[in-house]
Amino acid sequence: MFHSSRVCLWADTRFFSSQEYEIHQGGTRIDATLGNATYLAVYMLFHVFLALYYFLKSQKNAWRILYAALFLFDIFFVYQTATRGAVLGLFGGLFLSAIVFSFSAGDKRWRNFSYGAITLMVALAFIFYFAKDSKFITESTTLARVRNISIASDDAQARFHIWSMSFKAFKERPILGWGPENFAVVFSKHYDPRLWSREPWFDRAHNAVFDWLIQGGILGLISYLGIFASSIWLLFKKFSAGKTSNIELSVFGGFLAGYFFQNLFVFDQLTSYILIFAILAYLNFLVAKDNATQALTLKFSQGAQYVWSAAIFIALLSSIYVFNIKPILANASLLSALSSANSGNFEEAQNEFKRAIDLSPLGRREAREQYSYFATLIASRQEIPEAIRKSSLDEAIREAKLQTEDSPLDARSALFLGSVYDAAGRSAEAFEAFKKAQELSPKKQQIIFLVAQHYIQQQNFDKAIELAKTAADLDRTYADAVKNLISFEVYAGKNDLARDEISRALDSGMASAEDLKNWGSIAVSRKNFTLAGELYMEAIKLAPNDIQLLINLAATYYDAGRPDLAIAEIRKAIALEPKFKDQGEAFIKEIMAGKKPK
């Protein structure tokens, strides 16, 4: 309980102080040291109900005042995380607790207290609904996020897409699921191309029900739901028998409901696991203490007791070292590697990456990916000693290959391997790795682009364009996919195909003058001056005051053997921008002398 107040005070200092503190993943939302605002929200959600429990159980007013203060303090920080699932789960859980308490309390004062709480929460809900467009709500980070909840929002649509993918995967393996920590495989195989605008990879379904369907199938989900159902049933049973008070029934019943609700939008992690198991253990203690039977006593000699005690102690220490200390050291090494890389100490970074990978299998995938990314970034930096660049690439390739062996169905592992191969100049091996990634995730546009790019390098333009068109057709709202297709068509000299796609892009407002300028540059590099001229003229229609476009068009005309048209465009540029007159006239003189202006 009091540890939660220390966490809050740290977050509070970071939230209100003008001093700069490191931001983890919460952005403008507080996250303390837990790394994510959602993690802090669920942590504080537990402590809100614990504070309420101790407030109701305490007999002394001094303790009640203290727990009431902690209760309000914890609610404030759930609110400040702006985590909608936790905020709504907290509100709903407390509302349910108040209802249960009002029906089960024997003392009239406590019933009146719960009636007041219910009235307050109903009033707050009505005020929020009718004042949702007020300045107070729209300018509040938390209230605005709650106000903007909509099934049509980007966040909601992304959740629906992920849940749909999860359900498809569940139908594929309905009984036992795909196994723990295998959502990445599901995400790759059943990737919905409409997720292109979201983060590139998800390792959870962001819904506890679907997470358990993936991890353990229908049997896993039944087991998970059974924990909540059995806990509620046992609480009610013990309350009906007079073995527990209405405080346990109302507080823990409301907590389990609120916690389950917020888990429909997020996922469990270490912090929530520790706390939920502690709560469940306490509930087990409450319901089992009256059923305790005499413990079975085994008699051992004093010498045997020493031997068994020593063996258990050694086993415990060994397990702590293997399962706790080594992963902590590996994590520290990974953080040290990233810090060293950022500060330019590349040799130290390399050593720390290798140490993080070797120390523990827990987190090894993350360490391998970060090492691959590091090796890729420094590969072309000539100021870094070649020995470090080469050894980093060689070791990163080896680790990336091992990761593909550890996760043979995960497209992400193959993608990282291909990227390191590319950085090392091993194009053929990169191509094979990217094709493997595409096989594992056939609808992920990012991977299709990479395979298509390699076909371009191989001069297999038809195959490259076929793949690029596949990526674009998966979701035509993905502007970069359409633009990549056009770039490939222009590069391959497929003028008619390029014109059709560009016309569609212009009609939809997807293409800008800058896009047309870029495609024009590609056409010029391929000596396709006819198409380049058309593209620059279209760009000028969109940006008539851009003299650089006129100059580019003039250069294209000159390269196409039409110096007269080139001079005409330069004169237009001079008329548009008088400051360009001296330079423009110099260009004209060079053209008239048969020289290409520089």
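Numbers here mean position along the shown chain, with the first residue as 1.
Here the Cβ of each residue, glycine as well, is placed from N, Cα and C on the backbone.
Because TrEMBL annotations are produced automatically, they should be read as predictions rather than curated entries.
Now, the feature entries from TrEMBL:
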type	residues	note
DOMAIN	70-225	domain 'O-antigen ligase-related'
REPEAT	330-363	repeat 'TPR'
REPEAT	411-444	repeat 'TPR'
REPEAT	513-546	repeat 'TPR'
REPEAT	547-580	repeat 'TPR'
TRANSMEM	37-56	transmembrane segment
TRANSMEM	63-80	transmembrane segment
TRANSMEM	86-106	transmembrane segment
TRANSMEM	113-131	transmembrane segment
TRANSMEM	212-235	transmembrane segment
TRANSMEM	247-267	transmembrane segment
TRANSMEM	273-292	transmembrane segment
TRANSMEM	304-323	transmembrane segment
Item checked: CB contact flag for the transmembrane segment (212-235) and the transmembrane segment (273-292), at least three pairs under 8 A -> yes
Check: Hey, would you say the transmembrane segment (113-131) packs against the transmembrane segment (86-106), going by three or more CB pairs under 8 A that are 6+ residues apart?
Finding: yes
Margin query: Restricting to the repeat 'TPR' (513-546), what is the model's mean pLDDT?
Written below: 95
Note to self: Are the transmembrane segment (247-267) and the transmembrane segment (37-56) close enough to be called in contact, which here means at least 3 C-beta pairs under 8 A that are separated by 6 or more residues?
What the structure shows: yes
